[in-house]
Amino acid sequence: MELYLYNTLTRRKEKFEPLNPPYVGMYTCGPTVYNYAHIGNLRTYIFEDILKRVLLYNGYIVKHVMNITDVGHLTSDADEGEDKIEREAKKERRTAWEIAEFYTEAFKRDIKKLNILEPDIWCKATDHIKDFIDLILILEKKGYTYKTSDGIYFDTSKVPDYGKLAGQDLENLLPGARVEYNPEKKNPTDFALWKFSPKDVKRQMEWDSPWGIGFPGWHIECSAMSTKYLGQPFDIHCGGIDHIPIHHTNEIAQSEAAYDKPMAKYWLHGEFLVMGEKRMGKSEGNFITLSDLEEKGYHPLSYRYFCLTAHYRSPLRFTWTALESAQRALFRLYENMKRYPQENASYDKKYEEEFHKAINDDLDMPKALAITWELVKDDQVPPEVKRATLLQFDKVLGLSLNNPPEIKIEIPEEIWKLVEERELARKNKDWEKADKIREEIRNKGYIIEDTPQGPRVKKATPLTK
């Protein structure tokens, strides 16, 4: 079955034809490890995981590379400001190396909780300084660089189609809102390949180079590491839509200038997670982490399910109500799976074909989820066949349907004492006291349900409080 993907570079949905079938080289921009990933970041990684799973589902052999930006990402997202990791190190009174290691491991824990398949290759920027210098030397030899007082810059005026990814030409490209003005630049869009360490300042992360002591620019990192592990051109480059106007535009410019060939054949970008009227982001001060969701009683896979309810190229509005609905739907799926007999059976070919068509149509996960529920509700399909078909779907959905997680929530001792006190009041038919205790339990963040088997306590969500 043919697979179609929307290519940002050509602005159209295209039939996927890898450069060297059945092998696929895929590079995804990883985290800048100065803080916890927020759930907006994680939406992008879930989209990329779905893409990878769809490729595998279609029989491709995927080599997936993801970088870890542990140096060089400045607060402006381009060439000015403080290194985000060094800034955080000062704030937390730890070394930059400790900060990077701590948040790298936190990120890996998050993606494991979300059932995101790990890349085949993790590549840390600090392990590839020589590769960055070698690429800058190639660009220097070909006449694409110039020196300023604070670093070595790439001259974007020498690239006729600079800005093609964003659909703008050089004259119409203004420096992005998060790019600070540098009067020494030849063009506002020029970007740093190598930044010099400030005079009389000893940075924690700095290296010697042919141009002086300093550190790499953010954009050169992805160009050098993707080429090292995947060659050039490679098949697929992914990221968030915020990467299009600056980061990915600059990657293309320097990579294609260096090697005189396209960087990647297909460029895919995930839309923002929106909260209120703004996109979720650390710079906006409105971000939520996966741990925040867990503390409120949501399972990480409920967030994964929530992300599947919208197409990756559509903004997704985050609300607690929507997340609560996603969790309920996921738990219903788990309950159905537990009821189905674990017998050997073949999957339903009609439903599998519909599901396959949906995922191969530019990763149409909302439609794939709708087909999933049609199957669950179809009384004509035997339960053991439903189970086999859902397990087939889960190769892409990634919801752990074969092994539904046990939802365990620790209830504090003080809550259990209140439950016992309430049970005693109910036994004595002191309904007023029982109601007051129920309200007290609710105010402490838990709700109590009376069942024939006795009281059941669970953590309240923002919806049930």
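Cβ from N, Cα, C; glycine included.
Not measured: the values here are computed from a predicted model.
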Among CYS222, CYS307 - the residue Swiss-Prot places in the same Zn(2+) site as CYS29, HIS247, GLU251
CYS222
Examine the ranges 9-13, 144-148, 279-283, 384-388 and name the one recorded by Swiss-Prot as motif ''KMSKS' region'.
279-283
Motif ''HIGH' region' per Swiss-Prot sits at which of 31-41, 119-129, 152-162?
31-41
Only counting partners 6 or more residues apart, tell me which same-chain residues put their Cβ under 8 Å from the Cβ of CYS29 (Zn(2+) binding site).
MET66, ASN67, CYS222, CYS238, GLY239, GLY240, HIS243, HIS247
Per the Cβ filter (under 8 Å) with a sequence gap of at least 6 from its ends, the motif ''HIGH' region' (31-41) is approached by 68-70, 73, 84-85, 87-88, 99-100, 102-104, 106-107, 110, 240, 272-273, 275, 279-282, 287-291, 293, 303, 318
Other than CYS29, CYS222, HIS247, GLU251, the chain contributes near Zn(2+) (Cβ within 8 Å of their centroid) the residues TRP218, HIS219, GLU221, SER223, HIS237, GLY239, HIS243, HIS248, ASN250
Other C-beta atoms that fall within 10 angstroms of the C-beta of CYS222 (Zn(2+) binding site):
28
Would you identify the secondary structure of HIS247 (Zn(2+) binding site) according to DSSP, in three states?
helix
